[in-house]
Each structure stands twice: as structure tokens, then as C-alpha cells.
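Novice: The following block contains the structure, expressed as C-alpha cells.
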Amino acid sequence: MSGTGQSHAADAAPDSDPGQAAVALAYQHFEPRAYLRNNYAPPRGDLSSPDGVGPWKLRCLAQTFATGEVSGRALIDIGSGPTIYQLLSACAHFEDITMTDFLEVNRQELGLWLREEPGAFDWSVYSQHVCLIEGKGESCQEKERQLRARVKRILPIDVHQPQPLGTGSLAPLPADALVSAFCLEAVSPDLASFQRALDHITTLLRSGGHLLLIGALEESWYLAGEARLAVVPVCEEEVREALARSGYEVRDLRTYVMPAHLRTGVDDVKGIFFAWAQKKVGV
């Protein structure tokens, strides 16, 4: 669903599965700036209305981190895409953050922002909004400074491999928490592949650790420049079942219906889900 915050992270690499190989090939045409324009500039990037999709996602994340239960030392963002908003509330709770993406162009886009280089996408509206809803009196500059300081590395990832980060990864493993936004459904050719990808990333998480998963509901395609990318449509119950099969207790699962004025023709998304799940001890 390129709809709202997706990080459609092209986390599929060519391997023995022809469906996954086709996904990986399609993502070679992914244009990060077009994706950002479609989803993070107005109208979807308008954060002034509390009913908008952007405020909803940021609120879900902020409220979950405000519980104090999702914390630790190391967090991995799975399939970051070219976006950083999904970590704005997380960065106060983890001192070592790893961002990941299959596509080099997305990793380069993230690097521009982290290094504060000219031409980097401006996330300050998102940072300001997070500071507002968290209510700690923090400035957006302080928020962004903290996030930049705590992102220690940007790594390649392939969620369709049993070891998504490869062997000898530089990320501290197992992580205390995972975040993933608009990745798994956007890079999986079918529901079985989605389930396997979820199983694979779960190996990166310690027992008792937390997964915050954001994704598209009932979406089959989205645009990112010249690329028209297929998405496996999932419903709320399928997400819940997949999490249970991967060994999670679902702590919270919320859904958002995409309003008509935000259905802008860049995808066919019907809604968004936010899941907070905890990996069962012993899994």
C-alpha cells in the first residue's frame, strides 16, 4: 500500500522461488523520491488533521512506546525503505538502532538524511508532530539529533532468506525489538511467502522481545515512479494468524480505513494495520 508510510522495502532477492525473483526484479525500478512524494507529501503527508493516516501511524507508535514495555538496547528496523518516521518514537528507548533495506537506492536515501546532506528528504514535519503527541517538551531538532546518534548502521537485508541479514551481521543479535513498516506484504508474492518472511525476521528477535508491525490492508499494487509493484493483499485476521504461527502473543492490533480523499490513485490500499506483538518465551 504505498499509501501511507510504507517502507516498501524490496526485501526480496532472486533465489529458487520464481515469485520472489519476479518481485526482486520489479523493485529494480523502484524510485525512492517518487514513493516519498506519493506517501509522505500532501495529501497523505498532511499531518494537520488528526484523522489522517500519518497522525494515526505516529500515534500508534508513540502510544506503544509510552507504555515503557518496548525498550532495551538494540532495535532493528526491517525493510526501512527510504523512510525514518517509524523510528522517531523508538529512538528514546534504544541506544543501538539498525536500519535495513534490500535496495541500495533506499539505503543511499537514508544515508542522505542521517548525514544531513543537501537534498535529503525533509522529515521535520513528522519530527515536530511526534514531539507534539509525546508531550515531553522536546524540539524536533533534538528528536532528529537523537535518532541520528542512535542509528549505528544501515545494512542490506533479504527477508526471504532464513538468515535475513546474512552471516556475520554487524547488527547486535538477538535484538530486543523489531520495527517493520509496509515491508513484508509489499515484497511477498503470496500469503505463504509473507508467513515465511515473518518467520525469518522473528529469528532476529530475542524471546520475550517485541515486534511493531505496520502494513497495508487489502492492497494489491502501488506505484513508485515507473515501477508498479505487486502486493499480497492481507486482512486483519490473516495478520493475526500469521503472528500467532510465528510464535507471537498479539498485544494490540489496530486498523485504519483509508478515507476517500487519501485514495489518490498511487495504490489500491483499503486500510492500514498496526500490530504490537511479543515473541513468546521459548520460541
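A Cβ is built for glycine as well, from the same backbone N, Cα and C atoms used for every other residue.
In case it helps, Swiss-Prot gives these features for our protein:
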type	residues	note
MOD_RES	Ser7	phosphoserine
BINDING	Tyr35, Tyr40, Gly79, Ser80, Tyr85, Asp101, Asn106, Asp158, Val159, Ala181	S-adenosyl-L-methionine binding site
BINDING	Glu219, Asp267	octopamine binding site
Novice: I need the nearest neighbour of Glu219 (octopamine binding site) among the binding-site residues Tyr35, Gly79, Tyr85, Asn106, Val159, using C-alpha distances.
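Specialist: So, spelling it out, the nearest of the binding-site residues is Tyr35.
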Novice: Greatest CA-CA distance (Å) over the residues Tyr35, Tyr40, Gly79, Ser80, Tyr85, Asp101, Asn106, Asp158, Val159, Ala181 that the record ties to S-adenosyl-L-methionine?
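Specialist: So the maximum pairwise Cα distance among the S-adenosyl-L-methionine binders is 25 Å.
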Novice: Whole-number Å only: compute the distance from the Cα of Asn106 (S-adenosyl-L-methionine binding site) to the Cα of Asp267 (octopamine binding site).
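Specialist: About 20 Å separates the two Cα atoms.
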Novice: Quick one: Cα separation, Gly79 (S-adenosyl-L-methionine binding site) versus Asp267 (octopamine binding site), in Å?
Specialist: 19
Novice: Between the Cα atoms of Tyr85 (S-adenosyl-L-methionine binding site) and Asp267 (octopamine binding site), find the distance and write it as a whole number of Å.
Specialist: 20
Novice: Measuring Cα to Cα, how far is Val159 (S-adenosyl-L-methionine binding site) from Asp267 (octopamine binding site) in Å?
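Specialist: Cα-Cα distance, Val159 (S-adenosyl-L-methionine binding site) to Asp267 (octopamine binding site): 23 Å.
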Novice: Counting every protein chain present, what is the number of Cβ atoms, excluding its own, within 10 Å of the Cβ of Tyr85 (S-adenosyl-L-methionine binding site)?
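Specialist: If we count other Cβ atoms within 10 Å of Tyr85 (S-adenosyl-L-methionine binding site), we arrive at 23.
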Novice: When you measure from the Cβ of Asn106 (S-adenosyl-L-methionine binding site), how many other Cβ atoms are you left with inside 10 Å?
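Specialist: There are 26 of them.
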